[in-house]
Amino acid sequence: MKKILIIEDEMRIAELERDYLEVNGHSSDIATTGEEGLKLAKENNYDLIILDLMLPGVDGFDICRQLRDRLDIPILMVTARKEDIDTIRGFDRGADDYIQKPFNPSELVARVKAHLTRYERLVGKNRQPNEIRIKGLHIDLESRRLYVNEEEKELRAKEFDLLVLFASNPDRVFTKEELFERIWGIDSFGDITTVTVHIRKIREKVEEVSSNPKYIQTIWGVGYRFKK
Ligand code: CA
């Protein structure tokens, strides 16, 4: 289910849009002024915004620009005048689509659906990987689980973070100081011997022979490196 924000001062139209979206499985909130719309957009994670151009107070142009400064979700602008569409197109950071009033609600729903799909594809491409597989290691980043040769191993939070840092940067040499700073933060208590202790713990869990590690290797006098 997608969440849609409708910014529209004519309640009759806003409710019509909401009803059609709901029938098609989307939930929506209605804002009847631009200010209210901006406030709701800041406080909630919407998937798409339907924005009326003619609003009391701050108009749709300004709202669109302000929304664009902070959001990259699709914005569909609704306007009563055809000429306005040409004006809006002139803006660099305008809406993703324009719908002229009076519109056929099914048409609106179809465009909403098309933009949601397009946006999902776009975002999906840039999405971070949710797992790392290297040799016998399988790190599930979403559930924070680790499997070694398909057997689940329990790691503590910092051990997991350390392993992910290594596995995300194979062949890179990290000094103990760098690891401590990256995982524990420069202001945290403790000292870099913590790093040594944690790496020993990780090795006990992931290596077949702790004394002859095949994943996290010691680079004497420098630090550690994760071997791919
Ligand atoms: Ca209006």
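Cβ atoms here come from the backbone N, Cα and C positions, even for glycine.
Per TrEMBL, the feature domain 'Response regulatory' maps to 3-116.
Residues or ranges marked as 4-aspartylphosphate by TrEMBL: Asp52. Contacts of Asp52 (4-aspartylphosphate) defined by a Cβ separation under 8 A and a same-chain sequence distance of 6+ are given as Ile7, Glu8, Asp9, Glu10, Ile13, Gly60, Met77, Val78, Thr79, in order along the sequence.
If you look up TrEMBL, you'll see 129-228 marked as DNA-binding region.
Sequence annotations record features per position, and here TrEMBL assigns domain 'OmpR/PhoB-type' to 129-228. Remark: secondary structure over the domain 'OmpR/PhoB-type' (129-228) totals 34 helix, 26 strand, 40 coil, with classes taken from DSSP.
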